[in-house]
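Novice: Structure in structure tokens, see below.
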Amino acid sequence: MSQKYLFIDRDGTLISEPPSDFQVDRFDKLAFEPGVIPQLLKLQKAGYKLVMITNQDGLGTQSFPQADFDGPHNLMMQIFTSQGVQFDEVLICPHLPADECDCRKPKVKLVERYLAEQAMDRANSYVIGDRATDIQLAENMGINGLRYDRETLNWPMIGEQLTRRDRYAHVVRNTKETQIDVQVWLDREGGSKINTGVGFFDHMLDQIATHGGFRMEINVKGDLYIDDHHTVEDTGLALGEALKIALGDKRGICRFGFVLPMDECLARCALDISGRPHLEYKAEFTYQRVGDLSTEMIEHFFRSLSYTMGVTLHLKTKGKNDHHRVESLFKAFGRTLRQAIRVEGDTLPSSKGVL
């Protein structure tokens, strides 16, 4: 799996930049930007690796002696380390603009190895800095740029933005039998739109979204002139795939869910977002259809969904009325899914380190 990186400017971003001479060359000039340490810890927990990259004009010359730089810089690094903040690398350009070197930001000389290794997740890596040159560096690297500012984009805002993404997925599945378009928003509620051509199935899918606490849009064109088999099966496959993609790296999710709702029907549902697809299903129905949905396809739907989502799912229901029995399964699954996808922290809920 490719690695997420944050390439972070030093002066004006990690620590304050003195407006008088733009040099942190005395201990009394060293001051950390508000909230930087707790947010860097949060970002590390979210899977980011940190790289410091900084232009230090004339470092090592008479105007900026190396010893004057080293004292405050080493103290800064000691403080970061003592609090658990670890930088994989510190990259420094010591040249003046007039030197026309190859390593001064926004040129990419200092970060060439990250670009060459192909191990960097470019879509989810960022340059963070307070100057236009930092944003230009991001563009030159082909990654995202965040312009740090104490008022408009400070460290708490950056931490929130990079660890609380909108968990969204869009899946299109086209076969000779069906054309399916599924969108899911795990962190938004309400406004679901579902049209599979099977009215009762639409109602059941809406139960998943409503009780799962998320929004989805599903549009299906299937070979219903034959029967509902391909429509229900392929919808399960596409929805399971969309849920898996929207969950992303699964950091911070509860992972497990269990509900036992009791009404006219007793339904049990247990779920583990384990990466291991498996279904245990027990339900009996009096009739072959409820509305326009074949009751035998209900198990097939959940089996298809659990396969592409990569979950272990146990479902069981008892009751007298077929409509209520079917509905209890979908409601129970929705409530269980709501528990399992809820984000409560930043760690991956697995001792293996992968889900």
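Yeah, the Cβs are placed from backbone N, Cα and C, and that goes for glycine too.
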Novice: Looking at Swiss-Prot, Asp9, Asp11 are annotated for Mg(2+). Which of Asp99, Asp102, Asp121, Asp130 sits in that same site?
Specialist: Asp130
Novice: With Asp9 (active site, nucleophile) as the reference Cα, tell me which of the binding-site residues His95, Cys101, Asp130 is the closest one.
Specialist: Asp130
Novice: Within the chain of Cys101 (Zn(2+) binding site), which residues six or more apart in sequence place their C-beta under 8 angstroms from its C-beta?
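Specialist: Correct list: Cys93, His95, Lys107, Lys109.
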